[in-house]
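Engineer: Okay, these came from TrEMBL:
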DOMAIN    61-204  domain 'DUF7488'
DOMAIN    211-296  domain 'PDZ'
TRANSMEM  39-61  transmembrane segment
């Protein structure tokens, strides 16, 4: 059987097929014909025995063929590991790097995910597979040219910047694989990897561009007692966003008629909105269902980028709340901020450190509602106050 992706059989037989492919990674060299009808009672014990044998040895398989395939489907360009993956049945060379890359072969770059597209072609390519329910039933391996570390996937595809997670630390520059020519993603760091859904979006015409409606939201964990979609809850409003009809605690029900049933729904819908277009947003405020036309803008922060709301002005703030660079003048009296200034508190509230600047954004969002902010800064070793209107 030459096309393994077209097998339409029950779960156990499919598992058996995947394990056969571990031992025989080149499907052209083997012919396995599996019945699409139900297994007879006489066959079940035989299959069960084979499955038990293969499962018991799954973590001790010889991955040498997969390592050999890896050498043909990846390469190194300007000190960066690149991978050949199929998108719409055409090979594309991609790479991941959390820090900027320089190469004459770079075609495009997504600064939010760290993905790069390179020119060129390799002998082999990986067919990408989604992180679906079936993927979670399989023992997989993180494979590179010298190692194959067995493990499994521990999460499903979710939001626009959410990475896949492996059960153990992945080898450097590895692919997550079952069959040698198929992959569930490419390694990023530690246990995390870039899944198919993010790679596909990067390779699409929308790759590298994300819409924004000026809010950061959380999942609605309250039980819904009305006929409306579950929606998401607005937590923060971008103080610098040009058009701000939405407020914290608003429950967003739909965007352009598409119901919001989860946080991931919201993230993907908003990301795919065209900047400078109008989005019809239906929401609940104080028990009333309202609708507003929101001017869509491009997103400036998120993913592997900082997300402080200041990115709109090319401002980079490090994890210690020190301004490291300013791209263009800030509005209002915030234009007095300078490189090296450290934020100590916002409106007399000390800033808590967290992984995604959530508290920093929260304090500025609250200040934006009041229309002014008071900052305590460490400037050239001296503590100073800065008061600024925000509208």
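The backbone N, Cα and C atoms fix where each Cβ goes, and this holds for glycine too.
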Engineer: According to DSSP, how is the domain 'PDZ' (211-296) divided among helix, strand and coil residues?
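Structural biologist: Tallying H, G and I as helix, E and B as strand, the rest coil: 9 helix, 36 strand, 41 coil.
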Engineer: For a three-state summary based on DSSP, what are the helix, strand and coil counts in the domain 'DUF7488' (61-204)?
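Structural biologist: Counting residues by DSSP class gives 22 helix, 57 strand, 65 coil.
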Engineer: Please give the average pLDDT for the domain 'DUF7488' (61-204) in this predicted model.
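Structural biologist: Summing pLDDT over the domain 'DUF7488' (61-204) and dividing by its length gives 95.
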